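Colleague: Sharing a structure below in structure tokens format, with a few things to ask.
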Amino acid sequence: MTAGSPRDKPSLSAAHVESISSGSENGGYLRGNHAATPGDDSDESTALLGPGGPGRDQGTPRKDSWVGLEDFEGFPWWKKPSVWWLLVPYALFTLAFGGTIVPKLNLIIDLICQRHFADRSAADPEFSYKPVILGSDNPQCLLPEVQRIVATFMLIYNVLIGVLSSLTAPKLGALSDRYGRKRIMVISSFGGIVGEVIIILTAKYPDVIHYKWIIVGAFFDGLAGSFTAGSVLTHSYASDCTPPSKRSVAIGYLHSCLYSGLAFGPLIAGYFVEWMGSLVSIFYVTLGCHVFFILFTYFAIPESLSKKRQHLARERYAMEQAKFGPVPTFVSSIQNYVPFGKHFTDATRSWRAANPFAPLKILYPTGPGTSQLRRNLLAMAFIDFCIVGVAMSSGPVIILYTEYMFSWGNLEASRFISLTYTVRVVILVGVFPVINYLFRTRKRQAKIRRQRVLDEAAGIPVSPAFEAKNAGADRLDIWILRTALLSDVVGVVGYIFVRSSSMFVLCAIVTAFGGLGSATISASLSKQVPADRVGQVLGAAGLLHALSRIVAPAIFNGLYAATVESFPQAVFILLSAMFALAFLASLLVRPHVFLDEDDEPVAGDAGASRSSNRNGSRRDEMEDDELLRSV
């Protein structure tokens, strides 16, 4: 037996285990074949004897090792997934999204107005009108009948995208668990390309291509999941390759890209259109951004899910689908004669069990010991709905309110939007990482140093690596979430009472701290489930986002229209009530509650008993390996 053999390593007795200070929000520190119980929630790392277990070289300590990156060890840097790969293409993606909101609306108004006047002129030869120039000021279009047609058209456009994306975004998120993130990201981006091409053709040839063809573009955009699917997939990618202790910050970077796009996209687009002298030019740029995103994602970004994890997710999905029974005989016979026959059979089985709200099932787990996990998931889903769905849907109403109360024009409104979103970006990029370092990373590093001193005193080999494992949202996540929601409540309540523009802007800056909540809730949701179900749970959240795009605008716009003459602040009472309910829901969330790799619910304090199950988990890993060999 060699000197480095695992059998030469000293094993720990139960007394040794209990003598070591426990504390890790992910399930404790592993020492050889023993596990200490979790206690403190400031750590999300598990100390190992090395990346390969006992007997490995005990060299210089290195960075934390996230279990999601184990399959990529030894790969060159350009083949290792990281959230940094996403920032540049996602920033361009969000700039294109934010930059075309106003130009697209103005283009649609001009096209509808142009067609309306042409139809009236054809019906009445004596009718005369000033020609409508696309992208120019067209005061002749400020007619009630034109505004009514535009409002109806935009309602159909937004509802179609919202309904379709609510159906497809969860499916794409679940598919990404089984077939990889980057492949599904590329597929979902093609819908945006089709939509931009149709808009360009409609603007270039308005006499030949009717503006109603834009609805066809909305159909393909929604069918591909639209912006909802893009957010779900990028957040899933970040969750795959980021340890739980750093996941909120990583997703915060993605949210900062989104807010940057919303803040600077309209300004950049406005200056670009003025420089080029053509409204259509911005859509060529947007089309180029979509193409760049697809090419960069497909050829440059490394996949975040290894083949092993994809195979395991597919096998789990197959077992779940088998519960619905076999497909008809004629369908199974087609499998041998058509390309991708197996996928055709799987799709048929899926359609038989189709339910538009089936993706929400993951938010309501059942069975023994799932009550707290179910409470966590439902509370977080409601909070996410309020933060992302309701808050973003109320944005247009806030702009209408400021223009009505303070007589703001386009310039003042644009500055207001840019300021509030810029503050959110600064908080997510500058403040959030500092909070994470002070209250999580530094405490973890201090604990690791203390643990090594105890290990050396006990004669235990010093661990060179610390493997991060998931253990649900920790107390820091929950307190950040509550603080963010409280800032939203305070800021929106301020909207109700202030009557000066400067104080209104100050209240908006207070609500900007709520941006911490948007990143934290996405990360916390991903921590509630194992890695192969992250896309599924974020897809369920995406379904709620899409539904909010349908319901929330109608509620907020309808309430504002009904009360603008008597009490225009009524909409802020509703908004503050929603954030207050979200804050109360956050009080129901408990730390260290999650679904483990074996689909068994684990509560924070109950995690201490999990050390007795370590041999079972090791047997499950061996079964997974056997399963992969048979694939």
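Note that Cβ sites are derived from N, Cα and C of the backbone, with glycine treated the same way.
TrEMBL entries are annotated by machine, without manual review.
The feature region 'Disordered' is assigned by TrEMBL to 1-63, 599-631. Under the heading compositional bias 'Basic and acidic residues', TrEMBL lists 1-10. What TrEMBL lists as transmembrane segment is 83-102, 149-172, 184-201, 213-238, 250-273, 279-301, 377-401, 421-439, 479-497, 503-525, 537-561, 567-589. TrEMBL lists 91-594 with the feature domain 'Major facilitator superfamily (MFS) profile'. As annotated by TrEMBL, compositional bias 'Low complexity' applies to 606-615. Summarising the annotation, TrEMBL assigns compositional bias 'Acidic residues' to 622-631.
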Colleague: Counting only CB pairs under 8 A, let me know which of 421-439, 503-525, 537-561 has the most with the transmembrane segment (377-401).
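Modeller: Comparing 421-439, 503-525, 537-561 against the transmembrane segment (377-401), the winner is 537-561.
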Colleague: Can you tell me the mean pLDDT for the domain 'Major facilitator superfamily (MFS) profile' (91-594)?
Modeller: 83
Colleague: Checking distant contacts: for the transmembrane segment (184-201), what same-chain residues at least six beyond its ends satisfy Cβ-Cβ under 8 A?
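Modeller: Cβ under 8 Å, 6 or more out: 104, 107, 172, 175-176, 209, 213-214, 216-218, 220-226, 229-230, 233-234, 237, 280, 283-284, 286-287, 290-291, 293-294, 297-298.
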Colleague: So which residues does the transmembrane segment (421-439) touch in its own chain, when a touch means Cβ under 8 Å and the partner is 6 or more beyond its ends?
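Modeller: Here the qualifying positions are 42, 245-246, 248-249, 252-253, 255-256, 259-260, 262-263, 476, 480, 509, 512-513, 515-516, 519.
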Colleague: Grab the same-chain neighbours of the transmembrane segment (213-238) for me: Cβ-Cβ under 8 Å, and only residues 6 or more beyond its ends, written as numbers and ranges.
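Modeller: Beyond its ends, the transmembrane segment (213-238) has Cβ neighbours at 81, 83, 86, 90, 93, 97, 108, 156-157, 160-166, 168-170, 172-173, 176-177, 181-182, 184-185, 187-192, 194-199, 201-202, 247, 250-251, 254, 258, 304, 522, 526, 534-535, 538-539, 541-542, 545-546, 549.
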Colleague: Below 8 angstroms Cβ to Cβ, which residues of this chain, lying six or more residues outside the transmembrane segment (83-102), approach it?
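Modeller: Distant Cβ neighbours of the transmembrane segment (83-102) are 227, 230, 234, 237-238, 241-242, 250, 253-254, 257-258, 260-266, 268-270, 272, 282-283, 285-286, 289-290, 292-293, 296-297, 300-302.
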Colleague: Does the transmembrane segment (479-497) come close to the transmembrane segment (537-561), meaning at least 3 CB pairs under 8 Å for residues 6 or more apart?
Modeller: no
Colleague: Restricting to the same chain and to residues at least six past its boundaries, which positions have a Cβ under 8 Å from a Cβ of the transmembrane segment (149-172)?
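Modeller: Same-chain residues near the transmembrane segment (149-172) but 6 or more away: 105, 108-109, 112, 116, 184, 187-188, 211, 214-215, 218-219, 221-229, 232-233, 356, 359, 536, 539-540, 542-543, 545-547, 549-550, 553.
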